[in-house]
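Take a look at the structure below.
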């Protein structure tokens, strides 16, 4: 595909009286495509922008967090179901509503299916393979936009644009998100680049893909490109748009019929529900009119401010650029204004115009000197010269602030992905294990992170009263099912919560410093097997949580604990430590009956010692209470069976486990410590005549521990 464009070149005005004799533009002013003239010299090549974008998209794919539960439950979960026949279904995928397109999911199966064949049961790698595919699509579309900018408007603007497309926080995260708005963003980059290359029919076709295959509501953002293409090449653009629309709509209907098992169009259903059907999007949260302004600044910092100022600067620079640049950038203003008027706002809704923010900001940075240039002077003032050198400084500040934003988000909110990855290392729990999630359901990273030995993921009641996703029900028809528990009013179903938490094997909790109690406050029968810090958004100052400031980010922010717990009693029974058994009492799950065999080559060898272990209400913040019930002659154990062990006192940590405590007690039997006694008399005996004390200990073991 030849994407080279022909660009008119302005002849310099001749000085003096000869200026009036300048010839008008003619076809000879256009450089020939094969002559390697100025148009090619001023343009960036394809290789470097593509490599730079690929590298940063790779970094995004491997380090990006999951920003929105909608991405997981409406896109990752249906893909997981198509690949592995399990996953969560939302009400939008109920055949009764059919608001989501399976054609969009199938596009991602192009990467997911081969990856599932290649990696087999390693579903986490399949997840990242799909992300890498998204990153590649983003890199290709952005490269075409950058090269088109360079061929038409020069290397400097293109260089600024590629730097911002690579490194701004917004583009970094949006580029590998599995969302229709991200797909529309790819289409926006590609169609804008094709428009600059004067490939009008192709630009319209790509716009149609962005709307029908991606996000139908983005039609407003693509409107300027389509209208301009129709004005320039009406016949070709119209045929291209009409043919692509008919093809995609027809294909979408066929795919929807295959999965929903009824004739319907998810594209039209979505539009009707939200536009004509009174779709109550406010049920899912509303924001003020300045939400996108704040969000744009967070993701592009000064770059967003400069992008908005393009419309102010354009009258000054309009002679340098043709109308095509205004057409390319105008969707940014249209989309920003339209979305700001909607009550329901999400960060992802702004994704389609992210590339245009980069282009607009790049043009403004390039033309800052024009603000200080004297209108009729051919000489550059000192201020113009200074502002030329300031341009890379401004770009550098934007990129540094963007990196600070990216670094803050990744380090502050990556705990869910990292914690769920650890599940694969606990397959000793055995088949049929149950993973339970409470208030953290909205940070569930998808079933790709749930190993096969876990038979189901269940929600537990933590006070949320909205409608939660349910597993796809194959007995009801899978994708064709219309379960009665789904509704479009965000009303909770009685069936969505697990009634008996005792059936849970693993539990995911987020512990924050809050005055209210969360369900996970009773953790007495659980052990923490993974604990990672999680940035507390509410208690952390905005300026420190939004951007990573060295030496201040960790100090000034407040962090909670993202925890994966495993039922400790189950592990004690399924994985007993050698020489130790512990079982909970049927009357009280906090009370454990413990038996410890006397270690070999110790005075207690051959003995069976009975202990009791009790978990207080404060556990695991407080140590368990343990004492010997069997009489024992030991300097660190008194006549009441109390034990002198540092981890049961000042050295206790919530990260320790019952298993650790029992192993430490067993080790204490192997190595009595008379220098830190609990029984003074036995300690004195041990110090004055150790051999005799050891014999006494052996005698007590024969008398009291042989038949325990």
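In case you wondered, yes, glycine gets a Cβ from its N, Cα and C as well.
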Residues flagged as transmembrane segment in TrEMBL, choosing from 61-84, 85-108, 157-180, 349-372:
157-180
Residues flagged as transmembrane segment in TrEMBL, choosing from 126-150, 376-400, 401-425:
126-150
Of the ranges 300-317, 426-443, 444-461, which one does TrEMBL flag as transmembrane segment?
300-317
In TrEMBL, which of the ranges 31-53, 238-260, 261-283 has the transmembrane segment annotation?
238-260
Transmembrane segment according to TrEMBL, located in which of 4-23, 324-343:
324-343
Six or more residues out from either end of the transmembrane segment (324-343), which same-chain residues have a Cβ under 8 Å from its Cβ atoms?
152-153, 188, 192, 195-196, 218, 220-225, 228, 281-282, 286-287, 289-293, 296, 307, 310-311, 314, 349-350, 352-353, 356-357, 359-360, 363
Interface-richest range of 126-150, 200-231, 300-317 toward the transmembrane segment (157-180), CB pairs under 8 Å:
126-150
Name the residues of the same chain, 6+ apart in sequence, whose Cβ is under 8 Å from the Cβ of residue 644 (active site, glycyl thioester intermediate)?
636, 637, 676, 677, 678
For the domain 'UBC core' (560-706), provide the mean pLDDT of the predicted model.
89
